[in-house]
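Here the structure comes first, spelled out in structure tokens, and everything after it is commentary.
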Amino acid sequence: MLSDDCVFCKIIKGQIPSTKVYEDEKMLVFKDIEPKANVHLLAVPKDHFKLLSQMDEIRAQTLSYMLAKIPQIAAQNGCANGYRLVINQGDDAGQTVFHLHIHILGGENLPW
Ligand code: AMP
Ligand code: ZN
């Protein structure tokens with residue numbers, strides 16, 4: 001299910017522009033609008049939920065599917081030499097978009 005007032009749902013629905021690098025029936029990967037590394041992609045499930053704690057069996061399968069797809073997507077988008085995955089959870093992590101997403105950071109030797 002998608003939400004009417006979520007920026008990533010709007011990107012999935014094509015109501016907000018994005019630079020897509022990969023899309024299939026379960027997930028979308030697009031460029032972060034404020035990149036924090038030379039390569040900064042966001043992988044989002046085509047299902048609106050905020051936190052890992054809201055996962056059920058279907059969502060867990062989708063996340064597993066996404067993790068299996070990410071290596072090839074990363075390698076094809078400038079991260080053949082390695083990358084970092086980040087999932088911010090809640091306020092203390094600075095989560096600003098409340099649609100679960102995986103940051104893919106790379107394209108350089110990342111500072112910690
Ligand atoms: P987080 O802090 O983990 O919630 O990350 C949200 C990320 O979404 C940030 O890195 C933002 O730069 C990015 N972001 C917000 N709006 C957009 C947008 N319209 N297109 C692409 N990236 C976005
Ligand atoms: Zn959403």
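Each residue, glycine too, has its Cβ placed from N, Cα and C.
Annotated domain 'HIT' per TrEMBL: 7-112, in sequence order.
Counted with DSSP, the motif 'Histidine triad motif' (99-103) comes out as 0 helix, 2 strand, 3 coil. Here TrEMBL flags 99-103 as motif 'Histidine triad motif'.
Annotated active site, tele-AMP-histidine intermediate per TrEMBL: HIS101, in sequence order. Cβ neighbours within 10 Å of HIS101 (active site, tele-AMP-histidine intermediate), excluding its own Cβ and spanning all shown chains: 22.
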What is the pLDDT of the motif 'Histidine triad motif' (99-103) when averaged and given as a whole number?
98
Per DSSP, what is the helix/strand/coil residue tally across the domain 'HIT' (7-112)?
32 helix, 25 strand, 49 coil
